[in-house]
Amino acid sequence: MLASLQLALDKRKAEGLLRQRRLLDSPQAEHIVANNKPYLSFCSNDYLGLANHPTLIAAMQKAAGDSGVGSGASGLVTGHHRYHDDLEKQLAKFVNMPAALLFSAGYMANIGALGALVGRGDAIFADKLNHACLNDGGYYSLAEFNRFAHNDVVALENLLKASTARHKLIAVDAVFSMDGDIAPLAEYLALCEKYDAYLYIDDAHGFGVLGEHGQGSLNHLKLKSPRIIMMATLGKAAGVAGSFVAGESVVIDYLIQTAKSYVYSTPAPPALSATLSASVSLIEQGDDLRTHLRSLISYFKENLQCKRWQLMPSETSVQPLVVGDNLEALALSEYLQGQGILVPAIRPPTVPVGTARLRISLSAAHSLDDIKQLISAIQQAEQAL
Ligand SMILES: *Cc1c(COP(=O)(O)O)cnc(C)c1O
């Protein structure tokens, strides 16, 4: 087996697909120290700049002092601390849902929730560009797994019309992690009504950023229905770690009993939940941060002059610049790195073959000067490469 593992690694390297980790020696922020060098970074999903916020650092230190550093047991044994419970109630209220359940990561939430909500005899309908963990949740659930072309409402309707499954669940990213566009959730909800289906949305990149006070994609699109189950991560705009699923109380009560990644897993430390409670308050009060972020996004889109590579039509913090070829995307990323700017080159299988891209992630922590520096470096690269 070891020889074939080595062969697979060698093949990845030859194809320009070998991924390498940088060693970070600073907090996550817009200016970081990676591999011992200072960089301006457009890599993180810390969209509001909360990952190194003094209020949250103080909240974590205080909570560690009074609740310790570990949860010790599954939530169903003795691991469900008051800090977890307070955060679940706060999150449910914030996203305007009856109830919420914490998971230790977004990956765990999607696998656990999809695995519990549907099974053999049921069907999932998934966008082809969904995040990997929605696919894994789908496979793990043993429900029939149907994929439809990106944002294609007609293709989805045809699949729903033909389905004889007992329960039907549409599962999609609300904001696509590598494209930055928003799914047509209102149209999907109308299909749910028409075909007695349910809608599971992954709001990893909308929570904290979109909607009134950062409530997320559902609020942004003014959608509310007992047919909706939402999940969001707490390691992106919320700046900490973890995730939650929110929906009708019966859904959450059922997940507490049956979502295996909840039942058989130790919750994240209570101190993280206390930190997240402070983070949700900052998100709620963060209209200035979101206004600044939106102005950076508009400035970037309006001022980048680049003919060779195409910005995708995204209005969110995720601004993908499509290069196409894997090695060229890598060369562009390396060129920017030489200029002191980090932007990840995203290649297959994370994105479809032939659409390798720079995934430029904008944050409220960036200044207008940071954006100008990025624009000028990309324009130089267009001439230099
Ligand atoms: C990051 C991400 C996840 C995974 O969340 P983690 O908390 O990082 O495990 C799930 N879905 C989407 C769309 C994501 O971008």
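Every residue gets a Cβ built from N, Cα and C, even glycine.
Unlike curated entries, TrEMBL annotations are predicted automatically.
Source: prediction; values computed, not measured.
Site annotation (TrEMBL): pyridoxal 5'-phosphate is bound by Gly106, Tyr107, Ser177, Thr233, and the candidate from His53, His150, His205, His292 recorded at this site is His205. In the record from TrEMBL, residues Arg19, Thr350 bind substrate; the candidate from His131, His167, His213, His220 listed for the same site is His131.
Report note: the pyridoxal 5'-phosphate site is defined by Gly106, Tyr107, Ser177, His205, Thr233, and the residues of the same chain whose CB lies within 8 Å of the CB centroid of those residues, excluding them, are Asn45, His131, Cys133, Asp202, Ala204, Ala232, Gly235, Lys236, Ser243. Proximity of the binding-site residues Arg19, Gly106, Thr350 to ligand 1, judged by a Cβ distance under 6 angstroms to any of its atoms, singles out Gly106 in sequence order. Looking at the residues that bind pyridoxal 5'-phosphate per the record, Gly106, Tyr107, Ser177, His205, Thr233, the two CA atoms farthest apart are separated by 14 Å.
Residue pair His205 (pyridoxal 5'-phosphate binding site) / Lys236 (N6-(pyridoxal phosphate)lysine) shows a Cα separation of 7 Å. On the backbone, the CA of Thr350 (substrate binding site) and the CA of Gly106 (pyridoxal 5'-phosphate binding site) stand 17 Å apart.
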